[in-house]
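TrEMBL lists Cys391 with the feature active site, phosphocysteine intermediate. Per TrEMBL, the feature substrate binding site maps to Asn304, Lys305, Ala306, Lys307, Asn329, Ile330, Cys391, Ser392, Asp393, Gly394, Trp395, Asp396, Arg397. The compositional bias 'Low complexity' feature in TrEMBL is assigned to 11-37. TrEMBL lists 179-568 with the feature domain 'Myotubularin phosphatase'. Among the features that TrEMBL reports, region 'Disordered' is placed at 1-41.
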Amino acid sequence: MDKHNSSELLNSDFSLSKNASSDSLDSDSKSSSLNSKHGQDSTHVLGDIQLLDGEKVMGVARDVTYLCPYSGPSRGVLKVTNYQLHFRPTEPTSLQTTLSVPLGVVSRIEKVGGASSKGENSYGIEVFCKDMRNLRFAHKQENHSRRGIFEKLQQLAFPLSHRQPIFAYSYSESFPEDGWNVYEPIAELRRMGVNNDMWRITRINDKYEICDSYPAVWAVPTAANDDLLRSVAAFRSRGRIPVLAWIHPSSQATITRCSQPLVGVSGKRSREDERYIQLIMDANAQAHKLFIMDARPSANAIANKAKGGGYESEDAYQNAELVFLDIHNIHVMRESLRKLKELCFPQIDQTRWFSGIEASCWLKHIKCILAGAVRIVDKVENHKTSVLVHCSDGWDRTAQLTALAMLMLDPYYRTLRGFQVLIEKEWLSFGHKFQLRIGHGDERHSDADRSPVFVQWVDCVWQLQQQFPTAFEFTERLLITIVDHLYSCRFGTFLFNTERERYREEVKTKTVSLWSYINSRQNLYLNPLYWGPSSFSPNTPPSQYSRPQMVLVPVASLRIIKLWKALYCRWNPTMRQQDPIYQRTRELVALRAQLEAAAGAAAGDHAARQLRRGLTPPRVASPHHA
């Protein structure tokens, strides 16, 4: 790409990022205007709307007023497709209020006003979104347009509730790379050195019969036979037995993950489970102790005994030390984010900004998760001790802790491709219930299973980026893109609850992977300050400018942890970054590549000159100069 085109690309990107009501900092409303040669959204234009492959206009309402909380009312045309809600103002001076919102973002839709409503803009529709904003549209009663649009929105925003397929099954764009090949479980285990003397790969769950929410491929202690694994599964909630998440390359200390033991109020014991935990401990010759990190507050763990669950008794599990990490459950986290949304949207009350953040407890929860991961890292890295992590069922707080600890310990996961592998492995394959937690295509917005567990983990990753700005190959733009498409239902990556369900629903053959999209436009996400080796050229020698990769140990303190305004407050123009940060980042990435190439060429020239000088016979000194 020549200089003129790349400059045009950067400028088009920035002009869209300034839009107060645009879909996202890097989402569909903008991505179609990023004219890169690879990863270009294959859109076609129908009137004033750009449609993706497989997208169709399903409903139109004219003379609708969008009630923007920042720039005021704006009259225009509202269109509903099978993928997005699109509003375009009729007045050219109001184009900044153009909207393009994926319907997967919609949480609920309500009618506002009735036949007797008086006053301008008192009759219409309000759309409540999962990404921290609400949208309100006023209709004229005499046009009778509200009913048709409301019914279309209900049907298309919640397809599963109306027995319709999610848009990802209609979307058919092709990319240079198939993102479904990013993660291959056996290849990732071999990268960590498994199989070895102490750990083996097993396909005992190949048909998902031992545990329907676990992946097909596990790594377990070599000394544990299949009969023992089946016995342990019977004593662990949902059959989620302790399996390997990560192994230290030098000490062989491990992070394993599971669900709570089925102890109950009577204090049941399982000799098989106790023996199995001992085998995990014995697999690490550097230590004779195992730490069991229970993510829950101790009171919650005790209360779970009444439901048949509980925690490991230190009397039953010899040489094991139990630690409670005091991370609250999904219901507490859902309420915390609700309070944060009220604070950030639509208007921000300056007089209660800090007290409101404190009252939401969101940053306190972020701190607890980070602090828990730091404790795991300390035991594995500094004490060379293996750690077993669980909560109740092992698919929410457990995933937060293991994935965060692995990100701190292993620099591979801090690369663009390695981060994708981490999400595929610890979140998707191990059965975080994305369908239940996000509610893809489901109109039951008040379902008790909804919770921002994954978004909370992404926030923790952002906190790490703030404390270690040179340690990650990618910027926050990648994180925001992932959060946006967590909701969008454009890609199949986050659909359904388990690997088994995705296999049954043929997700890999019938939908497109989010990683196909991201890897085709990777330059948008690269961090110019990154000092490690690239994940996209693993066979090339590291740059002379790379630094040794280290274990990250963040400060988990409320003095350091910050609110991620670029995510939670992005719809408010008064809170948005004024500097064109994404444009500058991309310019820096390009400049860094140019400087490294120039430095490499200069080093080559210097080496060639030195070689020629070495081959030239030495000059004989004249008597005059002797």
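Glycine too: its Cβ is placed from the backbone N, Cα and C atoms.
In TrEMBL, annotation is done automatically, which means it is predicted and not curated.
With the fewest other C-beta atoms within 10 Å around its C-beta, Ala306 stands out among the recorded positions Asn304, Ala306, Cys391, Asp393, Arg397. Here the CA atom of Asn329 (substrate binding site) lies 9 Å from the CA atom of Cys391 (active site, phosphocysteine intermediate).
In the structure as shown, the Cβ atom of Asn329 (substrate binding site) sits within 10 Å of 17 other Cβ atoms. Within 10 Å of the C-beta of Trp395 (substrate binding site) we count 25 further C-beta atoms, all protein chains included. Here substrate is bound by Asn304, Lys305, Ala306, Lys307, Asn329, Ile330, Cys391, Ser392, Asp393, Gly394, Trp395, Asp396, Arg397 per the record. The longest Cα to Cα distance in that group is 21 Å.
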